[in-house]
Amino acid sequence: MAAGGGGVVDPLSPAGVPCAFSPQSQAFFALASTDGHLRVWETANNRLHQEYVPSAHLSGTCTCLAWAPARLQAKEGPQRKKRKSEAIGTSNQVDLLALGTAVGSILLYSTVKAELHSKLISGGHDNKVNCIQWHQDNGCLYSCSDDKHIVEWNTQTCKVKCKWKGDNSSVSSLCISPDGKMLLSAGRTIKLWVLETKEVYRHFTGHATPVSSLTFTTIRPPNESQPFDGITGLYFLSGAVHDRLLNVWQVRSENKEKNAVMSFTVTDEPIYIDLTLSENKEEPVKLAVVCRDGQVHLFEHVLNGYCKKPLTSNCTIQIATPGKGKKSTPKPIPVLAAGFCSDKMSLLLVYGSWFQPTIERVALNSKEPHMCLVRDISNCWAPKLETAITKVRTPLINSEAKVLVPGIPGHHAAIKPAPPQTGQVESKRKLGENEVSIEERLGALDIDTKKEKDELPQTNSFPVLLTQGLESNDFEILNKVLQTKNLNLIKRTVLRMPLHAVIPLLQELTKRLQGHPNSAVLMVQWLKCVLTVHASYLSTLPDLVPQLGTLYQLMESRVKTFQKLSHLHGKLILLITQVTASEKAKGTTCPAQKAKLVYEEESSEEESDDEIADKDSDDNWDEDEEEKESEKGEDVDEENEEEDEDTEEKDEENGEDGDVASEKELNGDSDLDPENESEEE
């Protein structure tokens, strides 16, 4: 089962190249390379069986392919039997191979005739075909595309049987149920369709990125006591672009459970997945996953309901070259595809380059957790030096022969002078010598152009610069990008950057956060954008916590100190506000005090001697009181006289202040007396 097309432009397209083993015997391996060629290899002897180049291979690159089921070959009409009788000795081969293209057309290639069988164009897709699935019984073909539609084709008439909208975004993968009555489709979400009515039977949450592979993993549900309706209780597997988790889902009869029941974790994005179907509840499912980093992960698990933790692989297979000599180190050879053989105890591995792959059968040993196969593929396809230059012939020159060079006969060819410096060119002009030749001018210009080559690459694309800087670890490029203060530019850069650069960017930001506080202010803006924009992708990474452990500890320590600093900041603000308030209060009271002192000038002249003034004031008060009593007559009570005596006694005990205060209360003339004003102050 192929993981999909190899679109290089779209960052959310599946990695790898469309390829698939032929069903049942796995006698052939079909491979549609990026140059538009279809190559069919024999798995037994690793020989190129057929090669086909479509007429529009450059404009319509092959994006997906699928072999017709083996059971379909016996159910063809009389035309099919006639074709089989013509091809003697090839009746056991799987005949038709469906190819989806980038322009929306579907080609049916016959491996028996080694030519194009038919072409499905009219009324189909108007955008890239993402996945093709054959129906195992009725010979129909199902395809999905970026145009959001699913098409059911009649392969005999080459016409559209039915077409319906599969999703609000592009539909990236399809899979037909074992009984042939249901169809799984996936974009960002996964839907289960009833093929007869084209209605949605169930919804599943799906992945954060487009789903690149779908396949059923069981034929019968584990609980066989209840009658089986063909779909309820079955498990299916889904893998997505840039997602290192393969989710396993169970089709429930109720509509409540929409989440995955378990997941398998791998080291990189899956590009090819093959598995052995489980027919009963005791038989485990064997799963082979080829990742983009070139490793193969083997899983063996009994599907028996919900499992909380992601399951790791039982065995990992890698292939490497032998290290020749003491200094040379072994280099990894990428595995392109892997498929289980019919005995389920051995694996067909396809490794090397897409143009000349090597196919090998490897026996599985479940006891070893890691297998590293050492293979030397240098002699497989690399052209030798002798064969590469056989067409180049050099003339034989006799030693006695005289070779004439261009120029006047009898003279040597002019020797090319060294390019003069710019100073020499200017001096020639000043001295009135011969005019400078064009060759010398070009030489002088060449010096200036060499100096400018060492500058940074001139491009306005910040995502491209950021990716280049992270891959090459170029400090100058990273500084140029990360020191921008434009928030809109930061958001656009983070949105358009490829997903595989998110983790390296976070690690670079973590390094810079530990540096100077001024740079940390800018790095926080980048960090905020990355965590908000790519939160869905980051949540799918199984080992995110150890990768971002340093960043988490850094943020936690700074948050702890931030609380203490905020308390200190609050106290400082209180102190500063109190100090400023007191200064303002002093500033406002100053003019009032000056005004009182100005008003006090008369009283200061009267009080030349304090003691005499005090005695005089006491005598004057007594005289005034007697005059007031005589004027008031009956209105004055006897209590006033007693209070006067009390106040005179208090004058002797408490001094002048108490005397003045008590007399103020009695007379109410304190505002008129200048002495009272001065004493209050």
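Glycine is treated like the rest: Cβ placed from N, Cα and C.
According to TrEMBL, the protein carries these features:
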{"type": "COMPBIAS", "residues": "600-660", "note": "compositional bias 'Acidic residues'"}
{"type": "COMPBIAS", "residues": "668-681", "note": "compositional bias 'Acidic residues'"}
{"type": "DOMAIN", "residues": "473-575", "note": "domain 'Small-subunit processome Utp12'"}
{"type": "REGION", "residues": "585-681", "note": "region 'Disordered'"}
{"type": "REPEAT", "residues": "122-157", "note": "repeat 'WD'"}
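The domain 'Small-subunit processome Utp12' (473-575): residue composition by secondary structure is 85 helix, 0 strand, 18 coil, according to DSSP. Averaged over the domain 'Small-subunit processome Utp12' (473-575), the predicted model reaches a pLDDT of 84. With DSSP classes pooled into helix, strand and coil, the tally for the repeat 'WD' (122-157) is 0 helix, 18 strand, 18 coil.
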